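The structure appears below as structure tokens.
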Amino acid sequence: MAAPRSWVLWSFCCRGWSRVLPSCRLPGLRSSWPRGPLGARPLSQEKRATETHFGFETVSEEEKGGKVYQVFESVAKKYDVMNDMMSLGIHRVWKDLLLWKMRPFPGTQLLDVAGGTGDIAFRFLNYVQAQHQRKEKRQLRAQQNLSWEEIAKKYQNEEDSLDGSHVMVCDINKEMLKIGKQKAHAQGYKAGLAWVLGDAEELPFDDDKFDVYTIAFGIRNVTHIDRALQEAHRVLKPGGRFLCLEFSQVNNPLVSRLYDVYSFQVIPVLGEVIAGDWKSYQYLVESIRQFPSQEEFKEMIEDAGFQKVTYENLTSGIVAIHSGFKL
């Protein structure tokens, strides 16, 4: 039995990000396989070349993209509710910690991948605005002779309150983006925010474009994690930072045992009762077990070209924040 991954109590924070199009096989892969005496590749090798996992199920790479897409299309409307129910709200703390680790500077250009419902994007905007307001207050205290009108103008300009910072939310799922846009409208987020439909494995952005790349509870659903990491490296500016919040291996034996019971006996039931979808939550539970360990994922990040790669375990390793720099 595989070592248990992060505690599925928080499993639904994940996001689906694999390729939907049928062309997701690596270029040149076919010609690299060894051939038999007559130049034909054995069937067993061809089969292994195109298979991957969808939870505990073995599927073709082409199938996985569509299946993951359907999962998040199905659960989009209840996504935030289920996150809170299953994690008792602790996923919010983990996401806050991700922003505190990022510490964005004025003018930061952030790309949040698999961020359809806007949780990371909204936290980023709140953080930047709070930093700006603290700076404004310090300046106002030093300028006692300003008129009321001058003070009011400083607080009314929303664009200026971001100091040029901007977040681009990129998600492959239209329904998740739809929910995110609805939340942004309801909560009054307008400036410094944009939404784009895109694939983590083939990002629709130029090279060297962003200061920070984040992906929270999404990368384990990508069909080719290595390809997504390479794309992250490509779109970051030199000196840019990669940050990934993802479920990981639990390092506490007691938590591990509780995790097994809760994940397979409770999470799918909650999914059925609250979202009317047992199968999607069963997949999300299983997908956590298939994700690489902290050390294995660290090596994958380094293989993509990142340097100074580290990770920090949260809540007994239930989740981890991985960090790397493009230098």
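Note: Cβ is positioned from N, Cα and C throughout, glycine not excepted.
Taken from TrEMBL, the feature signal peptide covers 1-18. Per TrEMBL, the feature S-adenosyl-L-methionine binding site maps to THR117, ASP171, ASP199, ALA200.
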Widest Cα pair spacing in Å over the listed S-adenosyl-L-methionine contacts THR117, ASP171, ASP199, ALA200 is 16
Quick one: of ASP171, ASP199, which of the binding-site residues has the smallest count of other CB atoms within 10 A? ASP199
All-chain count of other Cβ atoms within 10 Å of ALA200 (S-adenosyl-L-methionine binding site): 28
Name, in the order they occur in the sequence, the residues of the same chain whose CB lies under 8 A from the CB of THR117 (S-adenosyl-L-methionine binding site) and which sit 6 or more residues away. ALA76, TYR79, ASP80, MET176, ILE179, GLY180, LYS183
